[in-house]
Amino acid sequence: MSVNVAIIGAGVVGSAFLNQLKNLSSPIALNVVYLARNSKEALISKDYLPLDLQTYQTAPAQAVLPLAELAAFLHASPKPAVLIDNTSNAAIADFYPEFVKQGISIATPNKKAFSDKLAVWNEIFANSAAPGGGLVYHEATVGAGLPIIGPLRDLVATGDKASTTKFSDVVKVAKELGYLEPDPRDDLNGMDFARKVTILARIAGFEVESPSAFLVDSLVPLPWRHKRKDDALAENKVLRYVGQIDFAANKVSVGIAKYDFDHPFASLKGSDNVVSIKTQRYPNPLIIQGAGAGAEVTAHGVLADALKIAERVAK
């Protein structure tokens, strides 16, 4: 039993993924037949025999295939094909509908396809649901390797109704409070976080057009932020950066909120993420918490998704 795998991206997450794949023990073989080391170079097995992952960094390379040619290459595979996109490239994400339409399954941490235009989201999953469509797994787009998307999908698929879903990322708060060195402005303006919230909202049934369709409170330092911290401490509360999906109010938002010290969000440390899902079946919210950042846990999430796909399609 095996599948043929194409991997795009061998950077921080991609190299962690490859290391985990090399050490994988599974009854289903994930045979790598295409590996784009960067935007220009790729290893290509034109006879679909597995590439040697031990030498991928130094092996002679060819030019990367244009996306349409890569889709044709995978469509012609004698085994079911799986695309692993370990990039954050928007052009690759925009091509997902075509990959899936041609029966190519996808496992990825790339948020772009699932948080940008709602039309792309709809096309991806419409093509996936059509006869012969590829499977799409993207657990690592929210919370790295944390099981957030899967449980939320299961709740929705079995008829449960979400009332509120909240997602908090302590790293962003730590940056805002000066505990960590700031990353590029893209992180601090809240857009990366807003993408995650958009994905969760769509899964829960909220048709959010894009992350720019709702209020996002930036974390770019401003003098009054220190006063907010002091005010919260005076009330025996902590600040947390939270995305909220409120069905009753028909509202999605991202911003800083105050929480009591005994609230699940208040206990976050390090790179933890936490999601709180309140539904008809879970009036006392379902809480999922754990490390939500880092190459190793993100790669683990992608590899787990690839294995789930392989279990369903391998021949």
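From the backbone N, Cα and C atoms, a Cβ is placed for every residue, glycine too.
Whatever TrEMBL says is automated annotation, not expert-curated.
Record features (TrEMBL):
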ACT_SITE  Lys196  active site, proton donor
BINDING   Gly9, Ala10, Gly11, Val12, Val13, Gly14  NADP(+) binding site
BINDING   Thr87, Lys111  NADPH binding site
BINDING   Glu181  L-homoserine binding site
DOMAIN    9-133  domain 'Aspartate/homoserine dehydrogenase NAD-binding'
DOMAIN    164-306  domain 'Homoserine dehydrogenase catalytic'
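Feature map: TrEMBL annotations on the structure.
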residue: Gly9; record: NADP(+) binding site; Cβ within 10 Å: 25
residue: Ala10; record: NADP(+) binding site; Cβ within 10 Å: 22
residue: Gly11; record: NADP(+) binding site; Cβ within 10 Å: 14
residue: Val12; record: NADP(+) binding site; Cβ within 10 Å: 14
residue: Val13; record: NADP(+) binding site; Cβ within 10 Å: 24
residue: Gly14; record: NADP(+) binding site; Cβ within 10 Å: 24
residue: Thr87; record: NADPH binding site; Cβ within 10 Å: 21
residue: Lys111; record: NADPH binding site; Cβ within 10 Å: 23
residue: Lys196; record: active site, proton donor; Cβ within 10 Å: 24
Residues close to NADP(+) site centre defined by Gly9, Ala10, Gly11, Val12, Val13, Gly14, Cβ within 8 Å:
Ser15, Ala16, Phe17, Asn86, Thr87, Ala295
Checking your reading of the structure: which of the recorded positions Thr87, Lys111, Lys196 lie inside a 10 Å Cα sphere centred on Gly9 (NADP(+) binding site)?
Thr87
With H, G and I counted as helix, E and B as strand and the rest as coil, say where DSSP puts Gly14 (NADP(+) binding site).
helix
Rounded to a whole number, how many Å is the Cα of Gly11 (NADP(+) binding site) away from the Cα of Thr87 (NADPH binding site)?
8
Distance, Val12 (NADP(+) binding site) to Lys111 (NADPH binding site) (CA atoms, angstrom)
16
In this predicted model, the domain 'Homoserine dehydrogenase catalytic' (164-306) has a mean pLDDT of 78
Using DSSP, how many residues in the domain 'Aspartate/homoserine dehydrogenase NAD-binding' (9-133) fall into helix, strand and coil?
50 helix, 22 strand, 53 coil
Rounded to the nearest angstrom, how far is the Cα of Thr87 (NADPH binding site) from the Cα of Ala10 (NADP(+) binding site)?
9
For the residue listed as 'active site, proton donor' and Thr87 (NADPH binding site), determine the Cα separation and express it in whole Å.
16
